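Report on one structure; see the data block that follows.
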Amino acid sequence: SKLAALFEHPLYNLPVPEVTEKDKLFIINPMEKFSLRSSGSDEWVSSSKAETVPPTGKTAYDTYPTWLKFHIGINRYELYPRRDPLLPTLLRDLATQRIVSSVQKSGGTQLKLIMTFPNYGQALFKPMKQTRDQETPTDFFYFSDFERHNAEIAAFHLDRILDFRRIPPVSGRLVNITKEIRDITTDKKLAKTFFISPAGNICFYGECSYYCSTEHALCGKPDQLEGSMAALLPDKTLAKRHSWRSPWRRSYHKSKKAEWELNPNYCTQVRETPPYDRGHRLLDLIDMTILDFLMGNMDRHHYETFEKFGNDTFLLHLDNGRGFGTHSRDEPSILAPLQQCCSIKKSTYLRLQLLATHPYRLSDVLREALAADPLAPVLAEAHLQALDRRLGRVLVVVEHCLAK
């Protein structure tokens, strides 16, 4: 296993700073316990009553559902640890747990659903919109592209392979539109958009600002639909997040250019502007830039951080559905922050160099990681090959910077 060998490499075993109580997103209430409602049930109840003492030798934490353990594990330095024993269980839960509620997520340009499980866990469902081998047409603007369910799955695994660990866990899942969406939804607006197509398939389209119409309906075969299931982060009422506008945000206009596209010295003014004037925020942004270039994602207008940790924390790499749209061409402008600032974390650079060598080739380790997903193969082979080419281009940019 190249993937196992990669995670055993010294570069993937660098020490993490000690996590103190103030570095944790949540402090556990040692009295709060969870238990199954009844024997043979998959429905969980929360109880702080003394009579629900866990079995001998178990702590209250042991009774928590996996999604809650994931939330409790978030800290200033990482969304989840490198060797996270919870990860396989959490991915399996996303792929297999019974869905008790499906409602449309408000906001956003395209249809997304919030799925709820019996243990109170929730996931963001993005449905399949195009096949694996369909490329984004060359005449499409980046802001009018589809969001792809398989891009969300691949982005999570790529982010982990780069050792960023800033994307919440994502699994593929085959959903039954009739039983797991239509029959259980309490969302009246969503319920009105279901219909049976001339081919006899169950379809729906929801309500949103793009691609929510009968022309862009999502149809099952006859009611089976692929999608990505992403573990939701803690509710914003419990853990506030700050949304930051990216300095290298695109203009989102058909003819206007952004300032960074016109000013080659743009990075100088970014370096003088908070929060990029101190700490590792700019380097973290360049990490995110490299992830986006490898995926071909041009749609990174904002990013988020947990408010509790201030400026000294990681960036959340959320909403990656516009990645992996093209494999036959690269978009060098995505690398503008790296090219203009000529800065990169040493640890990131060393890992990129490692992933360009034969024993740990990026395409091979990602292919292996994605093979375990329920919807495998997640990416067309051409997208995996494009990753190796793009990784080479990132390393050339760094070498030019070093030469300067």
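Backbone N, Cα and C define each Cβ position, glycine as well.
TrEMBL has this to say about the protein:
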type: ACT_SITE; residues: Asp299; note: active site
type: BINDING; residues: Gln110, Lys126, Glu147, Ala230, Ala231, Leu232, Leu233, Glu304, Asp319; note: ATP binding site
type: BINDING; residues: Glu147, Asp319; note: Mn(2+) binding site
type: DOMAIN; residues: 194-403; note: domain 'FAM20 C-terminal'
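Counting only same-chain residues at least 6 apart in sequence, those with a Cβ under 8 Å from the Cβ of Asp319 (ATP binding site) are Asp299. Neighbour density for Gln110 (ATP binding site): within 10 A of its CB lie 19 other CB atoms from the protein chains shown.
The number of other CB atoms found within 10 A of the CB of the residue listed as 'active site', across every protein chain shown, is 19. Here the binding-site residues are Ala231, Leu233; the one with the fewest Cβ atoms within 10 Å of its Cβ is Leu233.
Summarising the environment of Glu147 (ATP binding site), the number of other Cβ atoms within 10 Å of its Cβ, over all protein chains shown, is 25. Across the residues annotated as binding ATP (Gln110, Lys126, Glu147, Ala230, Ala231, Leu232, Leu233, Glu304, Asp319), the widest Cα-Cα separation comes to 20 Å.
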